[in-house]
Each structure stands twice: as C-alpha cells, then as structure tokens.
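**Q** For 21-38, 58-75, 149-175, 195-217, 253-272, 292-309, 380-411, 423-442, 463-484, the entry in TrEMBL reads transmembrane segment.
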C-alpha cells in the first residue's frame, strides 16, 4: 500500500523485507536444526536434571535451568516442544512409581510377587504407563499439582531464557534491528552488551518464578529441601532411575554431537568477542570497514559450516566386494533447514521494518512524538512503568513480534520528544514484550504445555500473574541499577536526533 499512496517507492519497501536480522535468524536456525537433529538438546536437559537430583523442588529447578539455557540459543517454541515430552514422562513415572511402591508393600504381606527394580540394594516396583495409573490420571491432589508445576516451569523458563541473548527470541532481534537502523551512530547494542544487561535480570526472574510456582502449587518446605544426606524415597529412586535410563539410551556422545557443540561454542565466543565494549574485539582487525562485521556475519559463517562439514560418509560396495566412500552426508541438509526456518516470522518482521520506515518517511513518528511530549512532565520511572505495563498487557492478546513491531515506532519518537535516552524506554519495553505468561494463547510455549491437559486456563492466569509482576519489577530494578552505567542512561545521547525547541517539554 505504501507505493500506491506515494509514501515510499516499491524498491525501498521491498528492501525492508530482507535485512541483517534475517541473515542472523538463518544462521541461528542452522544451529538449532543440528542441535535437534542429533539430540544434543536431550543430552543437555537430562544431564542437568541428573546433576540436581530428584526432589520435586530441585527437579523443577533443574528442568527450568536446562530449558532456560536451551532457550538462549533455540527458539522458545522449539525448546518447550523438545523438553516437554521428557518432563511429561518423568512426571508420569513419579506418579505411577508411588502407586507401584504401595502395591509392592501390600503384596509383600500377602506373599505374592511383583516385578521390581533393584537400585543400590533397594528393591521397588517398575512403573509402566499402562499399570496401576491407567484408571485415574492422578492418584492424589499433590500429584496433579506436581504436573501443573512441571508444565508451567517449562513454559515460563523457555520464555525467560530467551531474554538473555539477542538471538534468544524474535522480539530481541526485532528491537536490535530497529534500534540500529534508527540510531546507526550508537553501536552500543550487540550480543555481548545485551547479555551483560539481561543475564542478571533473567537469573533473578527465573529463581523468583521457581519459588513462586513451588509455593503456589506444592508449598515451600525449606526444611525438606535443604535436608542434606536424607535417603531417597522409593518414588524418588524410580524417578532418578528413569532419567538415568533415558540418558543411557542416548549412548556415548557421538561425533555429530561433538561437532555441533564445538560450532555452537565457537559461534557464542565469536559473538561475545566481536565488540565486547570494555576491550577491543576482533572486529577491530577490520578497522577500515567499521560496522561491516556484525553478529549476522558470525551466524551466517558458522551456519554455512553445518552444510559443509560431513556427518557421515556414504559408502558402496564395488563388484569386487570392496567398500569405497563415494560421497558424504552433511550435518544438516537444506530440506531439514527449511522445515525449521520460521518464514512467517521473517515476513512479519519485514513488514514491521517497512511499517517503521513508512512512519518515519511520512512524518507520522514525529507527529506522534509531538502529541506525546506532555508525558515529559511525568517522572521517568513512571513513564517506564506505564510503557512496560502497556506492553505486558498488549502482548497477552497479540503475538510478541507483532506487539514489539507495532510499539517501537511509537516509543522511539516518544523518548526523543521528552528528551530521554531512547534506551531508557525501549529496553524495558522490549524485555516486557516477552512476559506473556497469563493465557494459553499468549505465546506458543504456553499453548504447547497447555495441550498436555494438566492445566486449566485459571491455573495459568493465577500463576502467570505472579510471574508477570515479578518480571516487570525485576526489569524496573535493573533499569535503575546495573543497566544505567552500562549505557549512561541519565544523559540524552549525541547519537539521538537533536530536539527542536517546539518539542521540548
């Protein structure tokens, strides 16, 4: 519609649909495809759970930590979809193991036998999905509460983990691209600076959410949680046995997993060291071309390697009976990559960039900024709180990418009009866009865990409200503590547009 109404020529509109963001997304999806194809995600999740133990509280924290870590590098949706089947199996194992233990105790006195599993000299029944638990899904209310707790732990931690890296969720990527386009002289938003800014907030939100969910569904018994040396119950042993069994099924770590892990680590290190801020990064080697090498350069370079590095050799037997190699299969194929690539997000984000360009070209952004300038009479903390709550409310009923795409062209001129560092308003608003915790339809991870049938809508609303409040409070805390000195938020920066007298409050 822009070319038809004379707002922008078609060539400029079309160029908005494929930018630096899209190449970064392609590189990240190459990594995600390989991680999922070779089951590296499952090994990471199970290994982390084995480390934290099988107490329900520690188990839920283990799953939250591993899910959040995976979500830093994979999409929130695929992380929830990958981890949830493991969590469901573990939860069902815990429920049915308790029933089998009780059945074993009953049959012990009657003299009958029961199939059992011996671990560390203690015998207890093996649980099966079609066993005692087939008549009723939950034996007790506590079992039902535990299933709800596990589901929401996965949904919320997959979202919280995505906050920590620019590539962790599409909203962060959209913000980075919009910000770097609007303020090209800033060069302060990169992988390293974003991680340093958001990682403390994500850790605090994750721990507080864990405490809140644990208390909300099961109660928080500190004495039971921190009672070291207490022998495991039969139920906990069954759960530990299942997790160990699932891990052993993966076998020893394979060549393909090692290569994927090495490329994953190299990509992360190159992102961090490109332009850390406090020291010169490797981008300084190309000082003649400032701004040419970006995070998408790294992502695309490593992403291409997944198509080139062989996963296995293809052999054939000659008529003489000799086995010879004639080709190789790469770590991922183009067809596999295409099945993972979220083209819908790529087009949606492209439309958002075109919309932002149109707002700027037509003068709409400046007009909105002028109309919002009376907000300059309010304290900065109140402006940030209002914008954060507005974004958090809107993202419950609209998709996160759509919310951030709609609001960035409005919030940027608002910050300029009230003579406030744009990062002061844009950063908390971007982080709060991810806080879609209330409804099953608010974001895909919520919908995935809701589909398992353990939760009701009101469960998510009540639990999610607490996590929403925690999230907004921690972001506000961060904006006025460790984030201020990082970006010198108290001063209006030289890289932002100068303010004319008529727009100064």
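Backbone N, Cα and C atoms are what each Cβ position is placed from, and that goes for glycine too.
For each listed feature, how buried is it and what is near it?
**A** Sequence-distant neighbours of the transmembrane segment (21-38) (same chain, 6+ residues past either end, Cβ-Cβ under 8 Å): 73-75, 78, 82, 166-167, 170, 173-174, 176-177, 254, 256-257, 260, 263-264, 267, 294-296, 298-304, 306-307, 311, 331-332, 336-337, 340-342, 345-346, 349-350, 353.
Listed by sequence, the residues of this chain that lie at least six past the ends of the transmembrane segment (58-75) yet keep a Cβ under 8 A from its Cβ atoms are 28, 31-32, 35-36, 41, 44-45, 48-49, 51-52, 82-83, 87, 90, 149-150, 153-154, 156-162, 164-165, 167-170, 202, 206, 209-210, 213-214, 225, 239, 264, 268, 342.
The list of residues near the transmembrane segment (253-272) in space but at least 6 beyond its ends in sequence, with Cβ under 8 angstroms from a Cβ of it, reads 27, 31, 34-35, 38-40, 43, 73, 191-192, 195, 282, 295, 298-299, 302, 305-306, 309, 311-312, 331.
Remote same-chain partners of the transmembrane segment (423-442), defined as residues 6 or more beyond its termini with a Cβ less than 8 Å from a stretch Cβ, comprise 155-156, 159-160, 162-163, 169, 171-172, 175, 179, 188, 197-198, 201, 380, 383-384, 387-389, 391-392, 395-397, 400, 403-404, 407-408, 411-412, 414-415, 450, 455, 457, 460-461, 463-465, 467-468, 471-472, 475-476, 479, 483, 487, 489.
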**Q** Given the cut-off of 8 Å on Cβ pairs that are 6 or more apart in sequence, determine whether the transmembrane segment (463-484) and the transmembrane segment (292-309) share at least 3 such pairs.
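**A** With fewer than 3 qualifying Cβ pairs, these stretches do not touch.
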**Q** Under a criterion of three or more Cβ pairs within a distance under 8 Å and sequence separation of at least 6, are the transmembrane segment (380-411) and the transmembrane segment (149-175) in contact?
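**A** Since 3 or more Cβ pairs under 8 Å link them, the transmembrane segment (380-411) and the transmembrane segment (149-175) do come into contact.
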**Q** At a C-beta cut-off of under 8 Å, are there same-chain residues at least 6 beyond the transmembrane segment (149-175) that contact it? List them, or none.
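**A** Sequence-distant neighbours of the transmembrane segment (149-175): 21, 24-25, 28, 56, 60, 63-65, 67-73, 75-77, 79-80, 83-84, 87-88, 90-91, 189-191, 194-195, 198-199, 201-202, 205-206, 209-210, 213-214, 217-218, 295, 299, 342, 345, 349, 352, 400-401, 403-405, 408, 426, 430-431, 433-437, 443, 445-446, 448-450, 452, 454-455, 459-460, 463-464, 467, 471.
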